[in-house]
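A short write-up of the structure that comes next.
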Amino acid sequence: MTIMRKTHPLLKIINHSFIDLPTPSNISSWWNFGSLLGICLIIQILTGLFLAMHYTSDTATAFSSVTHICRDVNYGWLIRYMHANGASMFFICLFIHVGRGIYYGSYMLSETWNIGIILLLTTMATAFVGYVLPWGQMSFWGATVITNLLSAIPYIGTTLVEWIWGGFSVDKATLTRFFAFHFILPFIITAFVLVHLLFLHETGSNNPSGLNSNSDKIPFHPYYTIKDLLGVILLLMVLMILVLFFPDVLGDPDNYTPANPLNTPAHIKPEWYXLFAYAILRSIPNKLGGVLALILSILILAAFPLLNSSKQHGLIYRPISQTLYWIFVSNLLILTWIGGQPVEYPFTVIGQIASILYFAIIIILMPXANMIENNILKLXY
């Protein structure tokens, strides 16, 4: 008698994805972050659903409804802070996941990589519209500043901004539609995640050695289910430490002041996970140029498979590229720091240098390092 999970039409799909999936025997803990992102997405959808039951998307009551959730709803404070800090954990896992993809050359699985870029963009969009919903000062002004960037588009810009706002300023219509977007986008993300997995399972996972692992595969369950479970426990532990001890450490104090169109906060800035892109945007004096740089800061990831000319897969045996990679990571951290600083000397100059370096490493320095390393290989043999 055949096992049901191998014959049942629905269970068969789950079986081929999570149970009998042939997996390289040597993938390290850096490969745990895919499953952690799945857990984060589930946490966000569940907590978000319960928040939506009590939230009202009206400018008069939005701020009060969030306060009501925290004060009057059973464990409302827990759900709210799990959702807010869950987003931060989501982005930490996302950045590590992308970083691992760059380090180990996983971008050569180009369909999976490109769907991943779409996922990153969609997640950032979801986080942005979600940040507007509590209708605090930073919510309102963040929405005003970021949506206003679209006015830089020639000819149709102003019309486009007013169309998104649903009026002549960020107001009730904007909040209502942002709530609608914030509700639907996670389900679109879930659909893209399934496509991401579909493409991944067409080729199989990459592995730290960068070699073909077809000759040495093991079933996903029980080996990697147990391994992923450790990651999940650690993730939940860090999340709960954040939620229960430091719930506001990653937030902005300005968001505890209700939105006031007549009073601009001293420093308008988005959540920490969008700061690197915000720093790149601010470092260009021209408005349209800044918007293009902002979009390119994410889309540049699509250039990795195109610019790669290395004879080796991944950076594990490539010291020059490795050095550049860690400079790139440090540069990203500097950009994140600069994005949260006021627009004044010396922060502006540091931001401009870091922005130039961000693009230069990917477009100029990495390909050049590839060529040098290929030549060193020729000398060796």
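Every residue number used here counts from 1 along the chain in the order it is shown.
Placed from the backbone N, Cα and C atoms, the Cβ positions cover glycine too.
What Swiss-Prot says about this one:
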- His83, His182: heme b b562 binding site (BINDING)
- His97, His196: heme b b566 binding site (BINDING)
- His201: ubiquinone binding site (BINDING)
- 33-53: transmembrane segment (TRANSMEM)
- 77-98: transmembrane segment (TRANSMEM)
- 113-133: transmembrane segment (TRANSMEM)
- 178-198: transmembrane segment (TRANSMEM)
- 226-246: transmembrane segment (TRANSMEM)
- 288-308: transmembrane segment (TRANSMEM)
- 320-340: transmembrane segment (TRANSMEM)
- 347-367: transmembrane segment (TRANSMEM)
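Below 8 angstroms of C-beta separation, residues 69, 79-80, 82-83, 86-87, 89-90, 93-94, 96-97, 100, 182-183, 186-187, 189-190, 193, 228, 231-232, 235-236, 239 of the same chain, each at least six residues beyond the ends of the transmembrane segment (33-53), sit close to that stretch.
When the Cα of His182 (heme b b562 binding site) is compared against those of the binding-site residues His97, His196, His201, the shortest separation belongs to His196. A 10 Å cutoff on Cβ-Cβ distances gives His196 (heme b b566 binding site) a total of 21 other Cβ atoms nearby, all chains included. His97 (heme b b566 binding site) sits 20 Å from His83 (heme b b562 binding site), taking the C-alpha atoms as the reference points. Sequence-distant neighbours of the transmembrane segment (347-367) (same chain, 6+ residues past either end, Cβ-Cβ under 8 Å): 279-280, 282-284, 293, 296-297, 300, 303-304, 307-309, 321, 324, 327-328, 331-332, 334-335, 338-339, 341. There are 21 other CB atoms within 10 A of the CB of His83 (heme b b562 binding site), with all protein chains counted. For the transmembrane segment (77-98), the residues of the chain that approach it from at least six positions outside its boundaries are 30, 33-34, 36-37, 40-41, 43-44, 47-48, 50-51, 66, 69-71, 116, 120, 123, 127, 130, 235, 238-239, 242-243, 247, 250-251, 271-273, 301, judged by C-beta separation under 8 angstroms. The residue listed as 'ubiquinone binding site' sits 30 Å from His83 (heme b b562 binding site), counting Cα to Cα. Cβ contacts within 10 Å of His201 (ubiquinone binding site), excluding its own Cβ and spanning all protein chains shown: 14. Following the DSSP three-state reduction, the secondary structure of His182 (heme b b562 binding site) is helix. Spacing of His196 (heme b b566 binding site) relative to His83 (heme b b562 binding site) is 24 Å (Cα to Cα, whole number).
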